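Engineer: One structure, as structure tokens, below. Some questions next.
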Amino acid sequence: MGFPATKSDHFPKPLVTLVNALNTLFVMNLQDRFTQGVAETLKIDFLRSQTDDGVLIFETTIRYIAGILSAYKLSGATNTPLLDQARKLGDKLLAGSLVMEFDWLSFHTRQPEYLQYATKAAQTVIKTPSALPGLPGLIFGVKNQTILNDLATWGCDSYLEYLLKFGMLIGNSGPSYYTTWKQAVQSSIKKLIQVLPVRKLTYLGDFSASCNVIDLEFPHLACYVSGNWILGRKVFQDRQTFDYGLRLLTTCKETYKQTATGLGPEIFRFLGPNSENSGDKPSPQDVEFFKANGFYITNAAYHLRAT
């Protein structure tokens with residue numbers, strides 16, 4: 001999962017690739033490389049910024065903190081300097097709301113403030129009213145705790161994903177996570193689910209209540225939804241959500257199968273039952289591709305290398 005560094009990187013990419021891969025090295029029993037990777041991780045100076053640009057809180061948390069914590073746990077939870085690296089970085093990221101990583105950081109460091117801050121942020125979003133229950137909108141105003149962009153989308157990534165996973169992690173001791181996730185799924189089934197007449201593909205559109213428009217777009221990044229909904233079956237024994245998860249998975253799989261490279265595009269769009277379109281007018285080539293494959297590509301970049 002390596003990728004090149006550039007002058008405008010938010011963090012040193014060769015290093016984040018290394019840290020992110022530590023758990024894989026351990027699971028694959030590549031002990032020498034794991035040991036070398038841990039040694040290099042301990043050399044990273046998290047107290048000094050490596051760039052003049054901003055830092056991506058989400059990416060830094062899930063690559064660095066999660067990578068370090070998983071390596072720490074898998075190798076016996078005895079490497080105190082490794083845990084200290086996660087703590088140093090966590091101190092810089094306390095504004096985040098990524099409860100899963102911060103829960104484990106609090107657990108291993110015995111410092112509860114990481115989870116306390118993350119929980120406060122997550123609960124604030126959960127308690128804020130939204131047009132579609134469980135779906136908070138795309139942009140949230142921190143200062144006045146209001147929704148600045150009411151676009152309901154599963155493309156907002158880990159907030160919705162973590163509602164289910166964190167609820168599982170804590171054994172539903174904080175029931176608002178499960179409750180909100182179920183609300184989000186039911187709202188999505190009622191309002192966002194779209195089924196194409198072409199190839200019968202199922203996808204989730206985006207909805208803005210203020211504009212009263214459903215956007216017929218499904219980004220590659222949102223394909224995690226299929227696994228998330230399938231996982232929900234394990235918790236709730238909900239066959240409907242499970243079936244929708246499988247259908248969404250089929251759609252995402254098709255975006256890989258129908259490209260010349262076999263790689264899924266970053267963003268793909270659809271036409272409605274009467275060929276209506278919610279975005280820029282598709283080209284004749286796009287329309288032909290849609291008729292043949294059930295979707296058309298609006299951003300052909302392949303970004304999985306960066307995640």
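The backbone N, Cα and C atoms fix where each Cβ goes, glycine too.
Note that the structure is a prediction, hence the values are computed from the model and not measured.
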Engineer: Consult TrEMBL and report which candidate among Cys211, Cys252 shares a disulfide bond with Cys223.
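Structural biologist: According to the record, the bonded cysteine is Cys252.
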Engineer: Identify, in sequence order, the residues in the chain of Cys252 (disulfide bond) that are 6 or more apart from it along the sequence and have a CB within less than 8 Å of its CB; answer 'none' if there are none.
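Structural biologist: His220, Cys223, Ser226, Gly264 - these are the non-local Cβ neighbours of Cys252 (disulfide bond), listed in sequence order.
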Engineer: Enter the number of other CB atoms within 10 angstroms of the CB of Cys223 (disulfide bond).
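Structural biologist: Other Cβ atoms within 10 Å of Cys223 (disulfide bond): 21.
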